[in-house]
């Protein structure tokens, strides 16, 4: 069993699809680090600190999960965290090409870092942070796609933006 795995992402916000993959990764690996990327090029709705806090709340019941914000190259972060595995989610065939390129680049930069792909449960296969934000922005109910604390935080964030 590989001891330490990283599940990286922007998590803006964390969805039920992300949470499902985190729970399954926590069963597969001794220690899972949720690496939350600063990623300013994506112009996240939530700050890095807010995203770390939300992911901490959603994963609080998992003893072997740690949430850490980072910036810079993922392979450097993985090395700092002494992780040997990257966990990535594949929702659809359309995700595969990008993830395949990413896995090969990461392997070239850090040959000892292995990528493992997990697919979401069917009920989560269409959920993305972008879609959740879009639904919420137009007043739709996102409670079936995100943890209740995330739904509340998203509503509060959008109400502040409208004010």
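Backbone N, Cα and C define each Cβ position, glycine as well.
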Exercise. Out of 80, 99, which does Swiss-Prot tie to the same ATP site as 10, 11, 18, 89, 90, 91, 124, 125, 126, 127, 128, 129, 130?
Worked result: 99
For this session: List only the single closest residue to residue 127 (ATP binding site), chosen from the binding-site residues 42, 74, 88 by CA-CA distance.
Result: 88
Problem set entry | Of 18, 42, 88 (the binding-site residues), the residue whose Cβ has the fewest other Cβ atoms within 10 Å | 42
Problem set entry | Candidates 42, 74, 88 (binding-site residues) with Cα within 10 Å of residue 129 (ATP binding site) | none
Problem set entry | Inter-residue C-alpha distance, residue 18 (ATP binding site) and residue 88 (substrate binding site) (nearest angstrom) | 10
For this session: Name the one residue among 42, 74, 88 whose Cα is closest in three-dimensional space to that of residue 99 (ATP binding site); these are the binding-site residues.
Result: 88
